[in-house]
Amino acid sequence: MTPLEFDQKHLWHPYTNVEKPGPTFIAKEAEGVWITLDDGTRLIDAMSSWWCMLHGHRNPTITQAIHDQLDRLPHVMFGGMAHDPAIELGQKLLEITPPSLQRIFYCDSGSVSVEVAMKMAVQYQHAVGHPGRSQFVTTRSGYHGDTWKAMSVCDPVTGMHHLFQGALSIQHFVPQPPIAIDQEWPEDPALNGIAELRAVLEEYHKQIAAFILEPVVQGTGGMYFYHPEYLNQARALCDEFGVLLIFDEIATGFGRTGRLFATDHTDIEPDILCMGKALTGGHISFATTMTNDRVAQGIGNGEPGVFMHGPTFMANPLACVAAKASLDLLDQTDWQANVTRIETALNEQLAAARDLPNVADVRVLGAIGVIEMDHRVSADQAHALAHDMGVFLRPFGHNIYCMPPFITSDDELSAICDGMLRLAREL
Ligand SMILES: *Cc1c(COP(=O)(O)O)cnc(C)c1O
């Protein structure tokens, strides 16, 4: 049996048919934007390996930080212990996130950080005398992860809620925010989506702990960029109805949208903020959930006082130093200029797709480029075709998209755009 045959027979891959897995290539090593396969083929990682490889693969500063920490303290339990990597990362996070978010919970992955956020909201409401507030409101077309509670607030259609009926918590859905980021914001609540949000909160607020959503960019649920004013007004409604506001910045954090956080496109601050994906520059799994004093003190002063969560690998030192190194790199490099450069190139080069017959829309925000087709695109066909062009692309649903590492050169960006345009022409 070849290694690849073993893989196909025994290993699950994400969202893949175990009996009929699509084209799969064996990656041997990677550096910068390049992934080298076992046959020597090199591919540009236009996905930043699922949106996390911010500074490119195998960044020497990050790998060195992990090496050094590995020789000192690879792990220690966080119950009753603290360590410099966790403290130094915490100090850095407080510098760059909204000022009201002063309390940090470290966890293993994005989905877990969403679980933690939702649990915080329910436990807070319980602690302050609202035990009935245990449900959530969210927008359609959202995505928050694959664990149960996170899944319950994913889009009911693309998240296949019918498949899990009876197993998923029932939540409240409002329409996708209807005004796109580049449209003029209409003040009429009947047009801008705020009327529907108000209606749900008016009717159900006594059962709702929090409003959870991805600020400005809906990722997996449709690669859609909406108007930040929606979030300013949602904040006011949440306050009016005693509902917490949770921002899931797992996809948008660390510069991807052109601001350090998507929250920075708004005038407000959430009560709880989830981060993951690019937190360690993609080098090791890690996530955080940050909250404000109000939520933390509410939980701390209530019953049972302790917050009921504590992963085995909480605040893993290797992950903490990787995250700290990645954030320092962001400081030291002109990431904003790079994102602007990428945004300009994507805008210029993807525009050609507008004239293709089956293209519904082309949109770019920061270092995210999307060609939306009028039909579903086969990820397998796209993967094989892009591989032949030396690019790693994995569309989902109707969207052929890229999220390149910030270090991607102009020539590499052109190769990515050529690949995307070919997929849009041929698939
Ligand atoms: C990827 C993602 C998650 C889930 O993160 P995992 O690390 O895959 O568990 C949650 N929310 C958003 C917005 C994401 O993009």
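Quick reminder: no glycine exception, Cβ is built from N, Cα and C everywhere.
No curator has checked TrEMBL annotations; they are predicted automatically.
Lifted from TrEMBL, the feature list:
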BINDING   TRP50, TYR143, LYS277, GLY310, ARG394  substrate binding site
BINDING   GLY110, SER111, ASP248, PRO311, THR312  pyridoxal 5'-phosphate binding site
MOD_RES   LYS277  N6-(pyridoxal phosphate)lysine
Point to revise | Inter-residue C-alpha distance, TYR143 (substrate binding site) and ASP248 (pyridoxal 5'-phosphate binding site) (nearest angstrom) | key: 9
Check your understanding: Name the residues of the same chain, 6+ apart in sequence, whose Cβ is under 8 Å from the Cβ of THR312 (pyridoxal 5'-phosphate binding site)?
Key -> MET77
Check your understanding: Under 6 Å from ligand 1 by Cβ, which binding-site residues from ASP248, PRO311, THR312, ARG394?
Key -> ASP248
Check your understanding: Any idea what the Cα distance is from GLY110 (pyridoxal 5'-phosphate binding site) over to LYS277 (substrate binding site), rounded to a whole Å?
Key -> 7
Practice item. Using a 10 Å cut-off, grab the number of neighbouring Cβ atoms around the Cβ of GLY310 (substrate binding site), all chains included. Key: 13
Review point. Which of GLY110, PRO311 has the fewest nearby Cβ atoms, counting only those within 10 Å, among these binding-site residues?
Key: PRO311
**Study point:** Least Cβ-crowded entry, counting other Cβ within 10 Å, from the binding-site residues listed as TRP50, TYR143
**Key:** TRP50
